Amino acid sequence: MEPAVTIIGAGLGGLVLARVLHLHGITAAVYEADASPTARAQGGLLDIHDYNGQLALEAAGLLTAFDRIVLQGRQAMRFLTPDGTVVFDKRDDGTGGRPEVQRADLRGLLLDALPAGTVRWGRRVAGVRGLGGGRHEVRFADGGTVETNLLVGADGAWSRVRPLLSDAVPEYAGEAYVETYLYDADTRHRAAARAVGDGSMMAPGDGKGIFAHRERGDTLHAYISLTRPLEWFDAVDFTDPAAASRIAREFDGWAPELTALITDTDSGTTLRPHYGLPLGHRWERVPGVTLVGDAAHLVPPNGEGANLAMLDGAELARAIAARPGDVESALADYERAMFPRTAEVPRDEELMESLFGDNPPEGLLELLAEQPPGPPR
Ligand SMILES: Cc1cc2nc3c(=O)[nH]c(=O)nc-3n(C[C@H](O)[C@H](O)[C@H](O)COP(=O)(O)OP(=O)(O)OC[C@H]3O[C@@H](n4cnc5c(N)ncnc54)[C@H](O)[C@@H]3O)c2cc1C
C-alpha cells in the first residue's frame, strides 16, 4: 500500500517528520539521495535549543535518548580578540539551554527510531510534477517513479520539490566558511586547544573571524569566516594543502594560537559558501505538497537551521495527525505557523540575552560593538 506521506530527504527535518508521524500511526516513506547513513560526513556539533530543537525531540519521544548523546561540558563559551586576549570565558555549569551533540549521533538517534525500511537510501530525486487533484509524481535519477497524495520536500538548500511551490532560488550571501579539523589537539596542537577551551570559541574580526568547537574527545573543528566574493574563493585551490597558508594570510597579525586553527589543519581545507533564500520566503497553498527546513527557509548559518528544521518536521506531523483525511487543512495550519516562525533571523541582542540574561559582560559588549559575532553558536 502507498505510504500516507512521501518525504524527500533524510536530514534532521525529514527524519523528525517521519518519526512523529510514526508515533501517530501514520505511514511515511523517506527517499534519500545518499547511498547509506554513513555515505557522507555529517558535519560537526549542533547546539539543540530548549525553545525549538528540544521541543521537536520531545514530540518525537526522544528527549531521554537525546540526553545520552549530549557532549557534557561543551556549552562552555569564550570570546577572544584577534590578538588572543580572552574577553569572555564561561564554563559549562550544566544549566544552559543549548546542549551540544554531534550531528551524526542525532541523525543516528532518529534513524534508529524509525520502522525498518522507512528510509529508502540511494534514491536521488531528479524531478517532481503535479498530476492534478493534489497528487504528485516523483521521478528518481535511477529512472523509477512514485506517486503520492502528500509530498514533503525536506531536501535541503537545493530542493527539487521547492519549484512546485516557489520560483525562489538560494543566493550567495557574500561570505563563506573554510573548515578545518585538528585532531588530538591536547597533545598535538596545544596552543590552539588552550585558545578554544572546552566548548565554543569565537574570535570575530572585520569581515572575517575564526570560530571553533571542541568536538568529541580533543578534536577541534574550526570555521574560518571570510566575507569575499565567490570569485575570490574560486581563485584558491582548496584541494592543494597550500590553501591553508593562503587563507591564513588573510589573518596576518592575529595571534598564532588562532591562526594555528588554519595552518595546523589535519584535514586540509573545505570551502562552504553561505547561501540563503529571501528572508520571509513563502508561497501560496498548492494542494498536496509542502516544505520543511532549509528547503523552505534556508539562511546562512546562524545556529538555528537544524533546530528549526526539526521543529518544522514535528509541527507538520502534528498538523497532519490532527486533521485525519483533510490534507489541505493540515498543510494550511502548518504553513500558517511556520512562515512567521522562520521569517526572522535572531538578532544579536536576542542571542546575548539568551546566553547572558540581563548582564552581558562589559569586555564582550565592547568587542561586539566593534565586530559582529559570528557562528558557531
Ligand atoms: C557550516 C554549517 C554549520 C551549521 N551549524 C548549525 C548549527 O550549529 N546549528 C543549527 O541549528 N544549524 C546549523 N546549520 C544549519 C543546518 O545544518 C541546516 O539548517 C539543517 O541541516 C537543515 O536540515 P534539513 O533537514 O532541512 O536539510 P538537510 O540537513 O540539508 O537534509 C536534506 C537531506 O535531503 C537529501 N537530499 C537533497 N537533495 C536530494 C534529492 N534530490 N533527492 C533525495 N534526497 C535529497 C540530502 O542528502 C540530505 O540528507 C549549519 C549549516 C552549515 C552549512
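For all residues, glycine too, the Cβ spot is worked out from N, Cα and C.
TrEMBL lists region 'Disordered' for one of the ranges 84-104, 357-377, namely 357-377. With all protein chains in the displayed structure included, the most crowded Cβ environment within 10 Å among the binding-site residues Asp47, Asp294 is that of Asp294. Largest Cα-Cα distance over the residues recorded as binding FAD, namely Asp47, Arg103, Asp294, equals 17 Å. DSSP classifies Asp47 (FAD binding site) as strand under the three-state reduction. Within the set of binding-site residues (Arg40, Arg103), the lowest number of other Cβ atoms found within 10 Å of a Cβ is recorded at Arg40. A Cα-Cα distance of 12 Å separates Arg103 (FAD binding site) from Arg40 (NADPH binding site). Arg103 (FAD binding site) falls within a helix when secondary structure is assigned with DSSP.
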